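**Student:** Sharing a structure below in structure tokens format, with a few things to ask.
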Amino acid sequence: MKFIFYLFSIFCCLCSCAQSQNISGRPDAVRIGAQFARNSTIGRVAAVAVLAAVNDINNDSNILPGTKLDLHMHDSSCNRFLGIVQALQFMEKDTVAIIGPLSSTTAHVLSHLANELHVPLMSFSATDPTLSSLEYPFFVRTTVSDQFQMTAVADLVEYYGWKQVTTIFVDNDYGRNAISSLGDELSKRRSKILYKAPFRPGASNNEIADVLIKVAMMESRVIILHANPDSGLVVFQQALKLGMVSNGYAWIATDWLTSYLDPSVHLDIGLLSTMQGVLTLRHHTENTRRKSMLSSKWSELLKEDSGHSRFLLSTYGLYAYDTVWMLAHALDAFFNSGGNISFSPDPKLNEISGRGLNLEALSVFDGGQLLLEKIHQVDFLGATGPVKFDSGGNLIQPAYDIVSIIGSGLRTVGYWSNYSGLSVISPETLYKKPANRTRETQKLHDVIWPGETINKPRGWVFPNNGNEIKIGVPDRVSYRQFVSVDSETGMVRGLCIDVFVAAINLLAYPVPYRFVPFGNNRENPSYSELINKIITDDFDAVVGDVTIITNRTKVVDFTQPYVSSGLVVLTSVKRQNSGGWAFLQPFTIKMWTVTGLFFLIIGTVVWMLEHRINDEFRGPPAKQLITVFWFSFSTLFFAHREDTRSTLGRFVIIIWLFVVLIIQSSYTASLTSILTVQQLTSPITGIDSLITSDVPIGFQVGSFAENYLAQELGVAHSRLKALGSPEEYKKALDLGPSKGGVAAIVDERPYIELFLYQNPKFAVVGSEFTKSGWGFAFPRDSPLSVDLSTAILELSENGDLQRIHDKWLASDMSSMSQASELDQDPDRLDVYSFSALFLICGLACIFALAIHACNLFYQYSRHAAEEDPAALQPSASDGSRSLSRRSKLQSFLSFADRREADIRRAAKEKASGLGGSGGSMSGVSFTSSGSGSTTASC
């Protein structure tokens, strides 16, 4: 036992010595640099927070034992050149890491120096998304990248249903790169930046006003403002003067606004009045213990600050505080891994010679790569929440508060997180649940928008540039009821035009427009070329009989269809005379066969049920066969003479007569239709038979039917013939394929209906083989298409759409076209139509026969017992057993064929004969039971 104690003591001594050696190997102080701009709001807060963090770390024995952080701070005063010089000064004095800079633009330059000298550059405010760890490995962003902020803004735009936005931003790396990221995120959501309005850093009030005037002339009323606080506040002041912070506008400012407002002890009411209804974002931080401790002693920290100004703690101050702790944890791990603070000359700098340049003072941090690795491996709970990096070098769990500026303060209306999107529940609560970013879960509280309204801004208006939107209309030469252009006056009219004008008049805002004809006035134009004019910006919209098809929806947006359409087959037809065998046409062959079989089945079933009790169903076999046929078919006319006496027989007859009544009524109605309505026939039965044949097919010039037949259905181009007018339709069909015409025409239903109204001798065969409609075409993501769709639905609901239809097309045109549609199997009834009736009747027959058979077997068993009791005993041999079965079958069939009354009479006679001879049988007497069986008594 003492030996074990000695070993344990030796082990503890060795560990203590090793630890002492490890600690003693650490330097007494580690030099770190920090760069701020005290003339900025973020810089003032961050400077105090960094000093507080250094003091807390140096007074904490659990972190960096035996080593103190030696902080050296420089004030760049937002001067980029000065910031670069100060960074060089840090690197001349063996600095292991630099906290800062504030500016993304400065960070781009300093990151190159950090990469060369292996000094980690840890910035808590450089949010430019292009400052990636791939290009700048020694740049460490200790705040949330603008990549996530722009994702949050894009989610806001999608949540409110806006498709176009205008961006105003400062024209530097910070502004340009963030807006570029926003554009990428919006495109993923089928939205876009309509207009980008940059302004130079330090722009004057007049310059910003000029930018805003251009923005006001754009159609988008959703404005994203990404700027520095100084210039951003000027934007709001000038926008208020121009009336741009009013009803109809929606403003979203990035987190620069909250970074300016949050530190303010007293919010300036005059300043807030310039941004009423603005939405902005704020970095979301959890309520951690370290955050509470820092907030509670903030006022004391301000007294120690040399600035003597009062301001509150902001989220950037929390990130600055966590940055120092992040570096401390990394240095602790660095020393624990055996790292040493040492520097060596950069051989590349030795090759550069220059008077007055002290380049040899710049040295490479030998342990920089190891320290960088330890920084990326930190994992602790800081003032902002969990501090940890993902594989891309970004802090985990990026989140923002969505803040609304209203009245004299700020109101949080929701949250955004990369985990669950928009929500009214805090992100740290949602982290405990499975991720869910469905549309139903994306929620925010109500927002009061500019103009003090709770109604969400529409987000766009027509641009205030005095220009009208150009609307292309097809200059048709046929079917001009739908759309036509007067060659003399240039007036555009037709059903499509009236629908468009009626829909435009329902909009809540004016739409300046003018119609521009498209075509050569000799033949119908190509509608595909007309749609392409929208893509090339020759037209702002297309109005006409434009079919909504898949290929077109990929390049333009369509409104709600205002006319239903679809491709049909039109062909010549011949009259079909009724003929002498017309009475057979109401039923199909299968229906005739099944009906005839059921007549025979019913006759047979009734004969089986009535044969033993009804003399009308007895007699010689020939007579019985005739009776079965006569009885079954006479039920067709309800003229059967034979009386049914059994209950089961009557049950079957009742059901069968009901079936006969239905069949007879249907037959009469169908035959009447066949004999009184003109029947038409055609060798073409629909699109399938048309494709498989080799006959030529006509189509309308300019229609999509040509491409559909050739590309989708595989019809050879040599079979397709272009036709330009109803007259050409009629002529081609009259000639037929043998004389240079066509066998059929494939076109859209509205045109065919109009053609059939004037030419009733033709007909549509088969059914529509495509389903589509006509709509108005607009550029992709055009908000006008959405509003017009709503207006078209309103026209349909209030009946105006039908009234416009009746104005241009005859009211009875539809009924005429429907009457001209050809059914290749008119009014013929199939078995399927009566399957339920036949099934019920069949089940009734089976049920009746089952009961009848059970009753018959029961009667036979009693009869056999009376006739020969020994026959019921089992036979001894196989031969006798076979004879017994044959005799039993013959006996049963004989019994089933006999009249039931005869069997009862014979049983009674036998019973009375046995009773009369009772005196000579040794006192044995027999009595007859009520059921015809006999019992013996001694």
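Cβ atoms here come from the backbone N, Cα and C positions, even for glycine.
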**Student:** Between 619-639, 745-765, I'd like to know which one Swiss-Prot lists as transmembrane segment.
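**Tutor:** Of 619-639, 745-765, Swiss-Prot gives transmembrane segment for 619-639.
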**Student:** According to Swiss-Prot, do Thr647 and Ser887 sit on the same side of the membrane?
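**Tutor:** Yes, same side.
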**Student:** Given the glycosylation sites Asn39, Asn340, Asn418, Asn436, Asn551, find the one whose Cα is closest in space to the Cα of Asn59 (N-linked glycosylation site).
**Tutor:** Asn340
**Student:** Counting every protein chain present, what is the number of Cβ atoms, excluding its own, within 10 Å of the Cβ of Asn418 (N-linked glycosylation site)?
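**Tutor:** Asn418 (N-linked glycosylation site) is surrounded by 20 other Cβ atoms within 10 Å.
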**Student:** When a 10 Å sphere is centred on the Cβ of Asn59 (N-linked glycosylation site), how many other Cβ atoms does it contain?
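**Tutor:** Step by step: centre on the Cβ of Asn59 (N-linked glycosylation site), count other Cβ atoms within 10 Å, giving 9.
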**Student:** Please name which of the glycosylation sites listed here, Asn39, Asn340, Asn418, Asn551, is nearest in space to Asn436 (N-linked glycosylation site), Cα against Cα.
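**Tutor:** Answer for the nearest of the glycosylation sites: Asn418.
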**Student:** Where the distance is taken from Cα to Cα, which of the glycosylation sites Asn340, Asn418, Asn551 turns out closest to Asn39 (N-linked glycosylation site)?
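**Tutor:** So, spelling it out, the nearest of the glycosylation sites is Asn418.
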**Student:** On the 0 to 100 scale, where does the mean pLDDT of the topological domain 'Extracellular' (21-588) fall?
**Tutor:** 90
